[in-house]
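Since the structure comes first, as structure tokens, the remarks are kept for the end.
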């Protein structure tokens, strides 16, 4: 009895741009297929397009994968470092007669295609050099795969079902260019074979490559992996996803204040479902994910849904963990957190209102920095002459405290209102504007507690002076 092969998947981006949401979703599905089956996940950088590939794009891909937490078991492998292996296999194919040198000039190929188009025929290589005898020449040549002339390629796609392509529709694919560089479709085949890939998850734009790659695998005597070609992501208007819909690099989502858990949860549901469940932890994704449950129809990107998920995770994840991500935004916004409350306390205090970590960081600034001016509208409304007495009394009571806690501060605010025989709002609103500079904050007792005793007293004094100047002006 033979032991079943371990499930092995790969994510193989080309480093010609950032890791966008479509690529990130493909990476997630491939990663989940491996993790759900106790398998292995390989990261491979397909950089054979030497002119367009950049190190910056490579770095962006790795940064995006790391930020998302999509860890890999092997790699990253780089195709440009495997040219010797590709040339070795091409040499073997030339010897076996499954590949051949093609000396057709560019002009001949163009003329051939024009004639085929004029005759209403499919434009494909006509096999002119397919059976040429070996010859010694300095003429430039490409190397082509000798595709079968009869029969068809059949494979069962997990998303699209049974697919059959006649070999008559396929031409003899170029597997090595005139400059000696192997082509993408060939390198992919050798890599998948060498790396033992059992499951290929990729975008539907690759589906036309699959029968060509299967034929090369058969010619090499290599096993055929299973395939799942996922549909494209559209904008909410039904058009192809673009920057105006949110098609930006994964790291831009970090910069905009999204948690990786929110983006992963959003992406997994963008074409896959498990009942009516909307919220998925990574463990739940691994538990329930199956390639066969991926939807065939294209999915529409909805930023509002992503924001909703982000709010959920900001509110429900461990505050210490959220704070570890918030720290990046505090630094990015030049907020010095060394003189103020712990970031986890800020997360707990502000998470109910925050849509993003970027927004949360900006709204927390007054906990760490003294503001120059009060909000003009709020000051005009609440820092008036009638606020002088409650601000003065509450400052006196706060200054006398020997214990600084939320409950004690709350009692001071209540006692001030009782003593002055006014409603809590007559004390609370001027006090809130005094210590935050604005009209919104978490619960006032918690806000003062987090700002701290000395800083709170200083700000109330500033507000008292502001009101006094206003009375005297």
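Just so it is clear, glycine is given a Cβ too, placed from its N, Cα and C backbone atoms.
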Swiss-Prot annotation (motif ''KMSKS' region') - matching range among 230-234, 235-239, 240-244: 240-244
Segment assigned the feature motif ''HIGH' region' in Swiss-Prot (from 2-12, 13-23): 13-23
Within the predicted model, mean pLDDT of the motif ''HIGH' region' (13-23): 92
Tally of DSSP helical, extended and coil residues in the motif ''HIGH' region' (13-23): 3 helix, 1 strand, 7 coil
